[in-house]
């Protein structure tokens, strides 16, 4: 009997166990995800190569960000839930003093697994050169470029050109470029939806781009979500910033004597110089107005919008380039 049991046991195959291999996920819902300008500067955003060089192995965004349109970072939501999103617009370009600071927008959003999020991190407007002037007792330089707005948009179509206002999660306005050492709250990224006015009523509204400034060849307007900023009426090639739907590039700067600063990526308007000086408006939900010779007004800051809950919004917060932080709640 004993030998018979041994024979049976010898013929019964014992189960084997193998490790279950889960697919690699470069970001999880519990990570703090920090999206930056990835070392890109000026009027155009980062390439895929710059993104890959920034979000390297060990970073929560490693292999998790794709560029299909230069500068627009695409991230896929890893799991359904509530996410807190912080967005900061970029600073405007410096002249005689610092450009306007970017706005801050923070809110909670319910996102679904598989949602693709467009993230455009605004870049600082280019500083003007160091040529210095004196006008009306105020020191001034060539106009700095407008700062780029920072955009966080849920993808609903085939690309950014198909985005709708209903897809907006949050947009933080960039600061306007600096012209002279005047202090002006309109120069900073705005906590409200309208772009900052520099002289009159030229700030963008309802997602539109900002107007150029007034009098004798003004700075160009900042781009909004829907439409580009207005080119400078001087006809010299000083261009308004592009809207988000058109890619968000900053406007070019020019001048007959010296160059002002290019607008930062994210819709910053270009600055200009020709004896007197004008700076670019900031990009945002609605673009800021370009700077004006009259009164040496700097460019207006871009407007902002926050469609989240538990919001915390403020203008005039961010220096240098913009930033986006996403954390699962």
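The backbone N, Cα and C atoms fix where each Cβ goes, and this holds for glycine too.
Worth saying up front: this structure is predicted, and the values here are computed from it rather than measured.
Here TrEMBL flags 177-240 as region 'Disordered'. If you look up TrEMBL, you'll see 197-226 marked as compositional bias 'Gly residues'. Feature annotation from TrEMBL assigns compositional bias 'Low complexity' to 227-236.
For the compositional bias 'Gly residues' (197-226), residue counts in helix, strand and coil come to 0 helix, 0 strand, 30 coil, using DSSP. Counting same-chain residues at least six beyond the ends of the compositional bias 'Low complexity' (227-236), those with a Cβ under 8 angstroms from any Cβ of the stretch are 146, 204, 207-213, 216-221, 242-243, 246, 251, 254-256, 263, 267, 269-270, 272, 274, 278, 280-281, 283, 287, 290. Helix, strand and coil content of the compositional bias 'Low complexity' (227-236), in residues and according to DSSP, is 0 helix, 0 strand, 10 coil.
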